[in-house]
Amino acid sequence: METVSRGPFVSILPESQFYVPRAALALLTAAGLMSLGISIYNTVQVKAVAKQSERMATEINRIAESQEHTTRALRKLAEGFNYLTTVTIPAIEQQINILCNEVSCVAMRNQVFMELNRRLKQRLFVSVTAGANAMYNRKVTPDFLPPSEIKTKLMTREDMAGSIYEKGKIEAFHRDKVGIREIARRIGRSHQVVLTYLKNPSGYGKNRKKPRKSKLSGREKREIVRTASNSQKSLKQIKQELNLNVCRETIRQVLVQSPYIKRAKKAKAPNLTPSHIERRLNFAKANMNRQWTMVSCEKGVLF
């Protein structure tokens, strides 16, 4: 395969001739992911990002011939990388240069730079999404970074879910006038999630529902535990005795959560028949006046 490097640009050949190995997948997204951690407050840092992107493009050209693998997705990744390095970063750099000359107040200048930083990140979110997902699915890691840096610079899919990464994609697509349902399809979320976030981006995910207040006070819970302790009362009996206006399941949950109550089975014994009851009663009547202190333990008692 023949590729030509023109600064940060990687030329794209027809799909049938486009071969990219696994390592190239990582390189396609590495420049964008690394620049996510850089705050764009001056042109020096912007140029550093562009320089890093150029090095990544050169590295792609160097290793692109090592494996025969061609898909439309890989071609799209390379096109996104080209757009990032040739259009997005230079445009941001040009905006910063213009604003540096026009804004005199330091506080205002910092605010403008923060806004530019936010825009750049949102553009990067869209351009590196497919690459990051491909890296995660294929467990690809960049060869040019040590593991300690990879861990801090790359995000797994679990980190993306509900994070600024995913929110940035929604905002970027919405700004490009992509429909709600189409955004949901692209990011793999329901349209209701996308719609809810766009209605209130700053407050999304902060309205956590608190659990319902318990119908039993702390005192009532302690009374339930005391009543059930060392007794054979049923839940219905406990409810009636304490005059509680809750269901039996609520009482059961209190007993289950208490560390002081443990369920124990009764020892098994034969059922008392009418004959047993009569013989026990006769035995008690016959021995009412007996001096039990004079009875030997070896004799035993028969029923």
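Using N, Cα and C of the backbone, Cβ positions are placed for all residues, glycine too.
The structure displayed is predicted, hence computed values, not measured ones.
Copied over from TrEMBL, here are the features:
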- 23-44: transmembrane segment (TRANSMEM)
- 163-205: domain 'Tc3 transposase DNA binding' (DOMAIN)
- 200-224: region 'Disordered' (REGION)
- 206-216: compositional bias 'Basic residues' (COMPBIAS)
- 219-256: domain 'Transposable element Tc3 transposase-like DNA-binding HTH' (DOMAIN)
Tertiary contacts of the compositional bias 'Basic residues' (206-216) (same chain, 6+ residues out, Cβ under 8 Å): 224, 244-246, 250, 254
Per-state residue totals over the domain 'Tc3 transposase DNA binding' (163-205) - DSSP helix, strand, coil: 29 helix, 0 strand, 14 coil
